C-alpha cells in the first residue's frame, strides 16, 4: 500500500495531530504553539472562563450537557459494588464528582464512596469548592481538591493501584500529551478499576455535522462574547474539539495505554457509545 494511504496507528496519528513539522510544537486549537507553552495557555483559558463556565455550558448546549453527564455517571453506577475510591480529572467545578456522590448515596445508600477532584487550574477548583460548600459533602472525607497535572500525577500524592474509578469529562482534549494522561490513569487505577472519559467527538451524520459546525463556529464564540466577555477562549474550545482524535483512534489509544475495552466499534459491546450522533462520546476501559 502506498505510504500516503497507509493507516496511521493512533499514537502516530496523535503525534501528527499534535505536532507540526517541529517536534517542539503542538496544537492549541488551530494554532501550532511551542509545546512548553500550551499548558500555561490552557490554564489561562480556564482561569478566564472559570466563573462563568457552568453558565456557558448551559447556554452553549441548551442544558444538554447535564443529560450527558447524568448518562455518564449512571452508566458507571458508582456504589453498586460497595464504596468506591474515585478520582475525577479536569474536575474543577465539581460537577461530575457531585453526581458520583449523589448517585452512590441515592441509588445505593452509600455514604463512603470518595472522590479526589484534580485540576490543573486553581481557579476552576475554587468554583468546585464553592459548589460543595452548599452540599452535605462539604468538610467530609468524601471529597477533596487537588491541583495537579493529569499527565504527571505526583506518585507520593497519587500512588499506583489506588482507585476503583477514574473519570475525566470534557478535559482530556485540552491536555498536551494524551497518551501520557492515559498511562497515568492506568497507573493509579487498581486492577479491575475502570477508566471512563466523556468528551466531544466526531459527528457521524453529514447533515448533522454541517449544522453542528455552523453552530459551533458562529454561535458559541458569540455567546462567549456576550455571556463571558471572552470570545477567544470559546473559539479555542470549539477548535480544540476538531483537533481531538476520532472515536476509533481514541479507543485504540486507550488500549495502547494498557486498558481492555469493548470491541473497536460504537454501541452495545463496543469501546465507545455516541451521544447525539457523536457530538459527544463515552469511552471506557478496564485495567486488568
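Just so you know, glycine gets a Cβ as well, placed from its N, Cα and C.
Remember, TrEMBL labels are computer predictions, not curated facts.
The feature S-adenosyl-L-methionine binding site is assigned by TrEMBL to 93, 119, 149, 150. The number of other CB atoms found within 10 A of the CB of residue 93 (S-adenosyl-L-methionine binding site), across every protein chain shown, is 24.
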Query raised in the report: When a 10 Å sphere is centred on the Cβ of residue 150 (S-adenosyl-L-methionine binding site), how many other Cβ atoms does it contain?
Result: 25
**Report entry** Intrachain C-beta neighbours of residue 119 (S-adenosyl-L-methionine binding site), sequence separation six or more, cut-off 8 angstroms
**Finding:** 89, 90, 91, 92, 125, 128, 145, 146, 147, 148
Query raised in the report: Given the S-adenosyl-L-methionine binding site residues 93, 119, 149, 150 in the record, what is the largest Cα to Cα distance, rounded to whole Å?
Result: 16
